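Going by TrEMBL, these are the annotated features:
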| type | residues | note |
| --- | --- | --- |
| TRANSMEM | 20-42 | transmembrane segment |
| TRANSMEM | 48-72 | transmembrane segment |
| TRANSMEM | 84-102 | transmembrane segment |
| TRANSMEM | 108-130 | transmembrane segment |
| TRANSMEM | 142-164 | transmembrane segment |
| TRANSMEM | 176-195 | transmembrane segment |
| DOMAIN | 215-397 | domain 'Major facilitator superfamily (MFS) profile' |
| TRANSMEM | 216-240 | transmembrane segment |
| TRANSMEM | 252-270 | transmembrane segment |
| TRANSMEM | 282-305 | transmembrane segment |
| TRANSMEM | 311-330 | transmembrane segment |
| TRANSMEM | 342-362 | transmembrane segment |
| TRANSMEM | 368-387 | transmembrane segment |
C-alpha cells in the first residue's frame, strides 16, 4: 500500500495535465501563427518603413510588458488567475481579428498597445496556473509538469509556422489572423471551465533573501539578452530566407517548424536533468550553444544550411527558455505570478531589444541580424556568469 500511494504521489496523471494542455496548445499555436510573420506583415502588407517597423516592434512589446507585469503582481494578491486567462484570451481574439481587417499602421499600433498587450499575460498566467495547480497535488513533480507544458508549447510551434505559411498562400494575412483569433476563443472557453485556485501560501523571509535577489537580477538581465538574440534571429528568419537566400515563405515556415520539432525531446530531457542538476548551469550551457548557432548562421549560404543549424538552435532554446522558466519559478516559489511574469518579461524586453536591431538589419542586410544576436548572447552569458550562486552561500545552511 505504501508503494502504491507513493507511486500515485510521485507520478503525474494525464487527467491532471489534459485540461492544462488544452489551454497551452492553442496559446502556442496562435503565437506561432502570427509572431514569426509579424515583421513580414508590417513590411509587405502595411508597407511600414524600416523606422516604423522598428518602432512597432519596440512599442508593442513595451505595452505588453507593462500590462503583464501589473497583471502578474495582481494575480499573486487576488484569487483571479483563471479570470485573467479568460480575459486575456478574449482580448487576444479581438486583437487578432483587428489585424485581419485593418491595414492602417497607427490603428494597428493602437490595437497592439491595448488588446494585444492585455493578451500578453496569457503565457505567464498559464505557466503560473500550471505550477500552482501541480504544487497542490504533486509538488515533487511540479517543475517537470511545467516542462511538459513547455514541450507542448514547442509542439505547437512545430505545426504553427508551416500552417501559417499555408494560410498565407491560400488566404493571405486575413486568414492567418482570423485563425489566430479562433484559437484565442478556444483558450477563453477552456479557461472558463477551470477552477479558480486561490492564493499561494506566502513563504517566510530568511537570510538568503539578498542572495536570491542578486540571482534574480542577474538572471533577468542575462535572459533578456539571450532571448533578445533568439527573438532577433526568429524575427529575421523569414526575411533572411526570402531576401538573402532567395527561398520562399514556405521554406522559412519549415525551418522554424523544424527547430520546434527538435526542441520537443530536448526540452523533456533538460526538464528531467533540471530535477537532478543545477538549473543555472543548464541555462549557461544553452547560452554557450546559442553562440555556436549564431556563428553558423553568419556563414550560411543556402536554406539547407539554415535547416541543419536548427539542432543547435533547438538545444539553446530548450535550455534557456525551458529550464529558464522553472529556474525563475524556483527562485520565488511563493510568488508564481511574479516569477513567471518576470521570466516572460525577459522575452518581452528581449523582443523590444530586437525590434530596433531588426530595423537596422533591414538597412545593413539581414545577415547582420545574426551578428547582433551573437553580441547579445555574449553579454547574456557574462551576466549569467556574474549571477551564479556563490559557493559560500550554497555551503552555509
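Glycine residues also receive a Cβ, built from the backbone N, Cα and C atoms like all the rest.
Counting only same-chain residues 6+ beyond the ends of the transmembrane segment (368-387), those with a CB under 8 A from a CB of the stretch are 214-215, 217-219, 221-226, 228-230, 232-233, 235-236, 240, 280, 283-284, 287-288, 290-291, 294-295, 297-298, 353, 357-358, 360-361. Outside the transmembrane segment (176-195), and at least 6 residues removed from its termini, the chain residues within Cβ reach (under 8 Å) are 19, 22-23, 26-27, 29-30, 33-34, 37, 82, 85-86, 89-90, 92-94, 96-97, 99-100, 119, 122, 129, 163-164, 167-168.
Distant neighbours of the transmembrane segment (142-164): 12, 17, 20-21, 24-29, 31-34, 36-37, 123, 126-127, 130-131, 134-135, 176, 179, 250, 252-254, 256-257, 259-261, 263-264, 267-268, 270-272, 274-275, 317-318, 321-323, 325-326, 329-330; these residues of the same chain sit at least 6 beyond its ends, with a Cβ under 8 Å from one of its Cβ atoms. Tertiary neighbourhood of the transmembrane segment (48-72): same-chain residues 38-39, 42, 84, 88, 105, 108-109, 112-114, 116-118, 120-121, 124-125, 128, 235, 337-338, 340-342, 344-345, 348-349, 351-352, 354-356, 358-360, 362-363, selected by CB-CB distance under 8 Å and a gap of 6+ residues from either end.
Mean pLDDT across the domain 'Major facilitator superfamily (MFS) profile' (215-397) comes to 84 in this model.
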